[in-house]
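Scroll down for the structure; my scribbles are underneath it.
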C-alpha cells in the first residue's frame, strides 16, 4: 500500500506469519506443498500481519513486542540500510543499519515468527525506487527496472541482506519489491526484471522461497474489466507467477484506493486463487485493509480467502501495539492488539482456521 505519511518501504519486513496453533514439528525452512504452505511441520492455511515499522525500532524490547533507502545520511537515531550518493551505493552495516535487522531476525527466531523480507519499495516513502533513480541519474521511476547502474546497486543490497540470513529459519521468503509497478510499460519490462532478479536471489540462496510482492494486477481469470484486472500498471499476474524461480503468488486488496466496492474484494480473492491453482502454486493474500469498520468489511475477505482453493495464507494491514514510546504508527488501517477489532480480525480468524483444519 502507498502511504503518504508513513511507509511501506525498502528493506521492509513486510509480513510476519505464524501458525494458528502450536507447531507439531521442529523449526525449519518454510516451503510450499502443492497449493499450500508448510511451516514448522504443519501444512495448510496460515495467518499473519504486516509490521513495516519493526525494522526501524531502536529499542530491542519493543522489537520483542512486536528499512530504508536514502540519498543523504539521516540524523542521529534514524535507522537506514543503504545510502545512494555521488553515484555510489553504501550499505549501512552499523548499529543504526543492518544490525537492527539482525535483532529483528533473531527475535523472530526466538518467538517462532516467519518474516517476509522485502528489498525495495515502489513508493517514495523512505526513499524507495526513486532514491535509486535520483542517486544514479536516471530519468524516471520506470528506469529502475532496466537501468544497469540502478540494478547493480539494488543487487548489491540484495546480496548484503541475503548473505546475512541464509541459515535463518525465520525468513519465510525474500520479496523483490513492495507493489512494483511500471505504469504504461509493456509487461515484458516487469517480467524480465522479475525473472532475472529472482534467478539472482536463488543463486545466492536456494533454500528460502522468493516472491514478487505485487498487488496482483493484470489478470484475465474472472476479470470484470475493472482497473485492477487490467495491464495498465505493466503487470501480468499469471505470466509472472509462472516464472520457475517465483515460489508463490502475492496479491493485495485496497478497494478504497482502487475505486472498487468492498464486496468486489471477494471476487478479487477468488480470481487469484483460481490463477494460483492453475499455476500449481499457492497464493499469499499479502495485504488488505480499510480505514474503518474493520470487522464488518475485512472479515468477509478473510472468510473468502480461507475457503478459496489456491489461497494459503493472509496478512492484514497492519498490526499495531503499544511500544515504549507509545502506540505504534497508525495510518488508519492499523488494528491494535487487545481491541475489539483485533478479536474479530485475529482471534476469531485464527479460531476459524484451526477449526477448518483440525489444528489444536
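Heads up, the Cβ atoms here are built off N, Cα and C, so glycines get one too.
According to Swiss-Prot, 142, 178, 254 bind substrate; the candidate from 317, 359 that the record adds to this site is 317. Taking Cβ-Cβ distances under 8 Å and a sequence gap of 6 or more within the same chain, the neighbours of residue 142 (substrate binding site) are 182, 183, 184, 185, 189, 234. Among 142, 178, 254, 317, the residues given in the record as binding substrate, the maximal Cα to Cα distance rounds to 26 Å. Around the Cβ of residue 178 (substrate binding site), the number of neighbouring Cβ atoms within 10 Å comes to 32. According to its DSSP assignment, residue 142 (substrate binding site) is helical. Under DSSP, residue 307 (N-linked glycosylation site) is assigned to coil, being neither helix nor strand in the three-state scheme. Most Cβ neighbours within 10 Å, among the binding-site residues 254, 317: 317 holds that distinction in the structure as shown.
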